[in-house]
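Engineer: Please find one structure pasted underneath; my questions will follow.
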């Protein structure tokens, strides 16, 4: 795969910022564009079949996982879970507000856009607070925080639309919020954003392997939507997507690993 070089700022030992090169297989702009288009269109056509938004969540999760990768790469990985749940903390509020707006006057696609924009604004504010007030020396904090909350918002919107069968307030409230499924969807979205880089971080980490794991996590979101709705079509499609993406991730893991050995059953300690 052809690698492109992405220039980002880094913090030098003396505290000043300097430019470093990061090799990426797919540019962040392309991932964001794909995530936005798929997520918004998936929400807009949720009324046709819940499988559409259930599958559309996958590229949205991949986009968010890449944003987590870019910002969490500045540390040792200890803040990866925190930033994933932060993204869905702000994203859940924006997603519910988008659902409340959706109905007769505001179409689903417009509500999805409004919710994503609100999520982006929340993310930008969190990024500014993190960097300017808390003094976290992460130069890409503002942009990545914006993308993480925006992608988390849109991923949650897609799953809400998939479970509800449409992205209108009446459907979302009765089938997602009143039933308590909103908590399950919130958790699976947050874990899907944070887990890929958290599992792959280290000196041999590559964007390709991390994002394939992100696609695998997104496929599990589809499976959860199928289970929540007892819809066999969504469930089988999600399971098929999971098998494909997990197989690809496993192949890349074996490629990048120094060796793959069977150690046997761990012996019981005294």
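Keep in mind that glycine also has a Cβ here, set from the backbone N, Cα and C atoms.
Given the structure is predicted, the values throughout are model-derived calculations rather than measurements.
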Engineer: Could you tell me which of the ranges 203-223, 224-244 is annotated in Swiss-Prot as transmembrane segment?
Structural biologist: 224-244
Engineer: By Cβ distance under 8 Å, which residues at least 6 away from the ends of the transmembrane segment (148-168) in the same chain are close to it?
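Structural biologist: Residues 32, 35-36, 39-40, 42-44, 46-47, 50-54, 56-57, 60-61, 63-64, 67-68, 71, 83-84, 86-88, 90-92, 94-95, 98-99, 102-103, 108, 111-112, 115-120, 122-123, 126, 174-176, 181-182, 185-186, 188-190, 192-193, 218, 221-222, 224-225, 228-229, 234 contact the transmembrane segment (148-168) from elsewhere in the chain.
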Engineer: Count the CB pairs under 8 A between the transmembrane segment (109-129) and each of 22-42, 45-65, 177-197, 224-244, then give me the winner.
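Structural biologist: Ranked by Cβ pairs under 8 Å, first place goes to 22-42.
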Engineer: Should anything in the same chain at least six residues away from the transmembrane segment (224-244) have a Cβ under 8 Å from its Cβ atoms, list it; otherwise answer none.
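Structural biologist: Long-range Cβ neighbours of the transmembrane segment (224-244): 49-51, 54-55, 57-58, 159, 162-163, 165, 181, 184-185, 188, 215-216, 218.
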Engineer: Take the transmembrane segment (177-197) and find every residue of the same chain, 6 or more past its ends, with a Cβ under 8 Å from one of its Cβ atoms.
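Structural biologist: For the transmembrane segment (177-197), the list is 61, 64-65, 68-69, 72-73, 77, 80-81, 83-85, 87-88, 91-92, 96, 148, 151-152, 155-156, 159-160, 163, 205, 210-211, 213-214, 217-218, 220-221, 224, 228.
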